Amino acid sequence: MIKFNSTNKTYWLPIYIMNDTSFQSGMYLYLLLTEILLYVGTGVIICKTVRTFLKIRLFHRNMNIMTALFLCQWFEAIAAKLLIIPYQIGVIRFSDYNKPYVSWWTDNEQEIIVLPEPTANSNALVISGFLIWHYAYTMIFGILNLGIERIFATVMLKDYENKPRLYIPVFLITSTHLITLTFSYFVLTNRTGFYLGTSPCFLNSALVVMTFLAVWKVNKHRHEKLEGSGPGCDYTLSQQFQVRENYRALKLAKNLVIVVLCAISVPCALLICLVIGAIPSFRMIFIHIMENFIYLNPVIICSTLMFSAPAWRAEYLKLIPGYKKIKSTRVFVVRPKPQTTHRASSTVVHDEGQMYFEQLNNSWK
């Protein structure tokens, strides 16, 4: 945390270590280089993931738009992180003091970095901190948007697919950013305090779980009604498609929700433990774990998303160098199936989403 005497304002920066020159030598340099390479790899994985689910369209455009923006928000955080690194390792100094600062949040005036007035370096640090807070809270609230979009799809079952309804993602994305920008500013300027600042993490996680379970129950009942052979199923073609899409989307979202909630809750829990001093002996280890959960979590999220659908998985695995060659030279397959059946099932699985959309579009011509 830093404070400016000229304005008497205190800023809570999402940075634990500042001005530590020990990171400029030895093992820490290799660790820093490794982290930067991991960030580059994470960016490649995000781009590949977004390209894959936009190329192989398995779900409604509104859901694709919101998922793409949700994942691409990571680039905001990593740009801020790369700007902060020189301050963390002491290459750029924002004061004349040479000692390192180790703190996250505190109400002890002696542990706060006090500066006479804002400078260009300190302003850059504050802006970077704001971007990281914005990314963190957008991630917390963004996962809820995917559930709300499925609520719209569930309620508007009659004609959701044949009308674009771009106002839904626009409204959800705009309202989310208005909330997160405002809340990020309050957290940055330390107006919320520590516990109020971290409370959305757990409150929103509970809300996401309740929303998911409610939508899942409704759509599971509709899917069972559609697939059953008994009377009472009078869905139109578009409604049948929407029921199937909702059910497939929620099956995909189940693992994704679990992974995202873990990616949100674990750093928040570690942050609370660090602030209250519950883990002083392993502080540095948990700092790196917490930061990696924040900046590297798209690797787990994207992999979970891509492995949820066979068509996406096949495209995603092409990112592995030599994957095509390994696949073509494989000599045996565990529990092989007849070739004709395998081909037929693979084609159906690969084109299932595309086939639904084509049939739906043809029915409305």
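Placed from the backbone N, Cα and C atoms, the Cβ positions cover glycine too.
Features of the protein shown, as given by Swiss-Prot:
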TRANSMEM  26-46  transmembrane segment
TRANSMEM  65-85  transmembrane segment
TRANSMEM  124-144  transmembrane segment
TRANSMEM  168-188  transmembrane segment
TRANSMEM  196-216  transmembrane segment
TRANSMEM  256-276  transmembrane segment
TRANSMEM  285-305  transmembrane segment
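Contact between the transmembrane segment (256-276) and the transmembrane segment (65-85) is absent: fewer than three CB pairs lie under 8 Å, with pairs separated by 6 or more positions in sequence. Tertiary neighbourhood of the transmembrane segment (124-144): same-chain residues 2, 11-15, 66, 69-70, 73-74, 76-77, 79-81, 83-84, 87, 94, 118, 176-177, 179-181, 183-185, 187-188, 200-201, 204-205, 207-208, 211, 257, 260-261, 263-264, 294, selected by CB-CB distance under 8 Å and a gap of 6+ residues from either end. Long-range contacts of the transmembrane segment (285-305) within its own chain (CB-CB distance under 8 A, at least 6 residues past either end) are made by residues 16-17, 35, 38-39, 41-42, 45-46, 48-49, 53, 67, 71, 74, 77-78, 81, 132, 136, 252, 255-256, 259-260, 263, 266-267, 270-271, 273-274, 279, 312, 316.
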